[in-house]
């Protein structure tokens with residue numbers, strides 16, 4: 001049996017994707033529509049107060065293409081807090097006009113593939129804590145995709161030795177480091193939580209960097225032999241004070 005990688009786990013993560021039902025929203029009188037939007041704004045501004053206490057974070061993005069219109073990403077210390085947010089969101093009047101298109105449940109994760117030996121408690125390391133319990137950058141653009149490590153008769157990631165996986169992940173990581181300062185990456189583990197094994201969330205002020213890093217990674221052995229991917233979602237940052245314009249219908 002191959003040795004399993006150990007993980008450090010941080011905040012729980014919930015990506016919620018919605019399409020706006022514009023046809024139904026269009027027939028709502030303007031004053032009622034404005035009230036829906038105001039209630040939605042207040043809800044998100046209230047949930048965002050966790051930032052000041054460093055007990056979570058969240059981000060809102062306008063997704064490009066027909067897979068979704070909005071992405072709401074929430075990070076919280078407990079899974080049940082994510083349930084509470086989703087339940088309270090579903091009670092909002094605006095929820096009647098937002099059609100769920102996709103969701104992803106996971107937890108911020110760091111593996112020990114590239115970790116050196118140390119006697120210190122990693123959860124007390126400031127650098128590690130900042131990665132497990134992050135302050136999201138709220139860059140202009142976001143890219144999210146789920147992924148698996150391939151396991152079939154020809155290529156099975158989980159049958160490789162720890163040393164083989166460490167070498168592959170080191171080479172993989174070297175490519176990622178080339179994009180430091182251009183892309184901020186968050187890996188969330190989802191084995192037992194969702195249909196894929198990991199979620200990858202990228203932030204950048206230059207949307208083209210997503211294409212560049214994903215393409216370059218295709219030539220890396222870790223990805224070429226062992227990577228399997230779900231749908232990609234790309235979008236632009238939207239703040240709650242922009243909701244009036246976003247939901248406006250002339």
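Glycine residues also receive a Cβ, built from the backbone N, Cα and C atoms like all the rest.
Per Swiss-Prot, these features apply:
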type: BINDING; residues: 131, 145, 146, 147, 148, 149, 172, 185; note: Fe-coproporphyrin III binding site
type: ACT_SITE; residues: 145; note: active site
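Features recorded in Swiss-Prot, as mapped to the structure shown.
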| residue | record | DSSP (3 states) |
| --- | --- | --- |
| 131 | Fe-coproporphyrin III binding site | helix |
| 145 | Fe-coproporphyrin III binding site | strand |
| 172 | Fe-coproporphyrin III binding site | helix |
| 185 | Fe-coproporphyrin III binding site | strand |
Number of other Cβ atoms within 10 Å of the Cβ of residue 148 (Fe-coproporphyrin III binding site) across all protein chains: 17
Binding residues 131, 145, 146, 147, 148, 149, 172, 185 (Fe-coproporphyrin III) - maximum C-alpha distance in whole Å: 22
Packing count at residue 131 (Fe-coproporphyrin III binding site) (other Cβ atoms within 10 Å of its Cβ): 17
Tertiary neighbours of residue 146 (Fe-coproporphyrin III binding site) (same chain, Cβ under 8 Å, six or more apart): 104, 190, 194, 195, 196, 198, 199, 200, 229, 230, 231
Chain-internal residues, separated by at least six, CB under 8 A from residue 147 (Fe-coproporphyrin III binding site): 196, 197, 198, 199, 200, 227, 228, 229, 230
Residue 149 (Fe-coproporphyrin III binding site): tally of other CB atoms within 10 A of its CB: 19
